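Working notes for the structure below.
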Amino acid sequence: MGGVEDGQPPSKRLRLSSAASSSLSSDLRAEEPIVAGSLRDLMARPIECQGEEEVIGSRGVIKKLEFVRLIAGALYALGYERTGVSLEEESGIPLHSAAVNLLMQHVLDGRWDESASVLQSIGLEDETAIKSAKFLILEQKFLELLADGKTMDALKTLRTEISPLRIKTSRLHELSSCILYHPPSENGFAHKDLPKAKLRPEVLHELQKLLPPSLMVPARRLEHLVEQALNLQRGTCIYHNSSDWEMSLYADHHCGRDNIPSRTLQILEGHQDEVWFLQFSHKGKYLASASNDRSAIIWEVSLNGEVSLKHRLCGHQRAVSQVLWSPDDQQILTCGAEEMVRRWDVLSGECLQVYEKAGIPAVSCAWSPDGEFVFAGFSDKSIGMWDLNGKELECWKGQRTLKISDLEITRDGKHIISICREAAILLLDRETKLEKFIEEDQAITSFSLSNDGKFLLVDLLNQEIHLWNIDGDVKLVARYKGHKRSRFVVRSCFGGLEQSFIASGSEDSQVFIWHRSSGKLVETLPGHSGVINCVSWNPVDHHMLATASDDRTIRIWGLNGANMKRRVYQSNGTHQCNGKL
């Protein structure tokens with residue numbers, strides 16, 4: 001059919017859909033015949049042999065046998081049963097041997113004795129692996145017998161089949177306990193920690209992990225390899241800042257600079273003095289800022305990305321150095337520079353509580369992960385903890401914090417992080433009192449914690465930013481350079497999709513953005529006319545960045561092509577200040 005003789009072997013046949021044939025023919029001259037040989041040049045094909053193994057691909061590293069087996073496995077996983085069978089028949093390459101297929105069917109049918117017997121004939125030479133696989137099968141047999149009320153048969157399996165394997169002694173003891181607690185107690189409940197029978201597909205999945213992949217191809221292996229390739233392309237793309245669904249298998253992935261916020265969309269002029277700090281709420285709906293004008297402002301981010309003033313928070317007698325959002329974004333903390341900590345309601349703008357120590361000014365503050373407690377660092381180098389009503393519950397004294405300091409509580413609530421010495425950060429375990437330290441060679445000015453709680457971004461006086469892994473042993477993993485810092489506290493932050501970027505202010509009035517994993521500088525953003533003290537990346541809208549400057553403004557940055565808007569908010573009493581406490 002179609003000009004191909006029926007006597008030719010299947011590998012010589014050319015099969016094209018009508019759409020594909022039409023597309024290809026438009027690229028070929030009319031006078032040139034469409035032959036199988038010319039079109040196979042467009043497809044993956046064998047190019048050489050290494051010993052007896054045929055390989056395909058331009059580099060000759062893909063073994064044809066393995067490739068075909070993975071394709072067959074993918075077809076079955078997608079539900080294309082007949083196509084998978086056809087591939088096995090036409091290629092002469094089975095996904096699994098007959099013995100492995102029989103083993104898999106026995107497991108799914110619950111024929112445990114036959115499963116254990118077939119194990120000996122699948123070609124597995126590793127005696128340890130055989131025993132582990134047999135233990136798994138017989139354990140499921142034991143647990144199913146118990147579940148069916150066949151206690152004596154289960155006991156016999158334990159004594160005569162599982163125990164003689166002489167492996168996994170602790171697990172054997174757990175299985176023995178099942179006999180003691182079976183049948184369930186009179187109230188209908190068995191011991192909750194005892195092993196229970198798995199679903200049979202789960203047993204098959206566990207069995208696959210014990211056997212060599214050449215015998216039993218891992219489920220969805222081709223999908224896994226494709227995902228690895230996409231992740232690698234994404235990881236090496238220094239501008240990747242969009243949803244993964246935009247990636248395609250049809251072409252290699254490359255993003256452009258237009259995925260990074262680089263254009264000023266709004267200039268917010270609500271403060272009357274230098275803006276020292278700002279932070280987006282966890283859901284990205286609000287932005288809070290703190291200023292040397294002794295106020296904090298809550299800004300609201302509309303659905304179209306426009307930022308407007310919601311509340312001006314007054315009551316501090318000195319400059320406001322920090323604002324921090326509660327875990328549910330319903331409240332914020334403000335910390336006066338060497339003054340006190342205040343807690344505010346976001347919806348009303350009302351001050352709810354003040355946290356202070358007589359004669360000892362606060363220098364930093366933090367929320368507990370559940371939002372039920374407030375922490376503060378003080379100028380006497382201590383750290384205190386209060387309930388929301390202002391009752392002090394605990395105090396950690398000694399060299400716990402500095403006059404200029406940040407304070408963080410890890411997501412599990414177990415560790416307090418603070419600058420304890422000029423060039424050291426303390427990680428204090430609240431329960432065990434054990435201390436770990438990050439030691440730097442230069443003075444530390446500030447730090448920030450990643451969303452997953454595993455990394456700490458440390459700003460240094462010597463114009464470097466260091467990224468530390470604090471999950472387990474403390475380890476320095478990256479350095480970022482290029483910004484200017486000599487006299488002031490200039491803060492950096494994580495941001496972008498999966499926090500793949502590092503952004504920082506600078507004393508030269510520019511914003512610096514680096515690709516986190518490679519350390520490459522990807523963008524510098526001019527626009528401010530004073531020192532940029534702080535940056536914050538919207539955690540939901542990865543294309544929105546906010547910066548705070550000594551020029552008394554906040555800039556909202558977005559993607560190129562959007563229209564810039566200027567918003568001027570005067571202190572005219574339109575938004576009531578409520579600092580009555």
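The first residue you see is number 1, and the count goes up from there.
Using the three backbone atoms N, Cα and C, a Cβ is placed for every residue, glycine included.
Since the structure is predicted, the reported quantities are computational estimates derived from the model, not experimental observations.
Check TrEMBL against the ranges 1-20, 481-500 and you find region 'Disordered' recorded for 1-20. Here the domain 'CTLH' (96-153) is broken down by DSSP into helix, strand and coil counts: 46 helix, 0 strand, 12 coil.
Contact between the repeat 'WD' (525-567) and the repeat 'WD' (268-309) is supported by 3 or more Cβ pairs under 8 Å, counting only residues 6 or more apart in sequence. With a cut-off of 8 Å between Cβ atoms, the residues of this chain six or more beyond the repeat 'WD' (500-524) that come close are 235-236, 238-241, 257, 260, 262, 457, 459, 465, 467, 478-480, 482-488, 490-494, 530-535, 537, 545, 547-549, 551, 557. A Cβ distance under 8 Å defines the sequence-distant neighbours of the repeat 'WD' (313-354), meaning residues of its chain 6+ beyond its ends; these are 273, 276-279, 281-283, 285-286, 288-298, 361-367, 369-371, 374, 376, 379, 388-390, 403, 575-581. Same-chain residues lying 6+ beyond the ends of the repeat 'WD' (366-389) with a Cβ under 8 Å from its Cβ atoms: 324-328, 331, 333, 335, 338, 341, 343, 352-353, 355, 357, 360, 395-403, 405, 407-413, 416, 418, 420.
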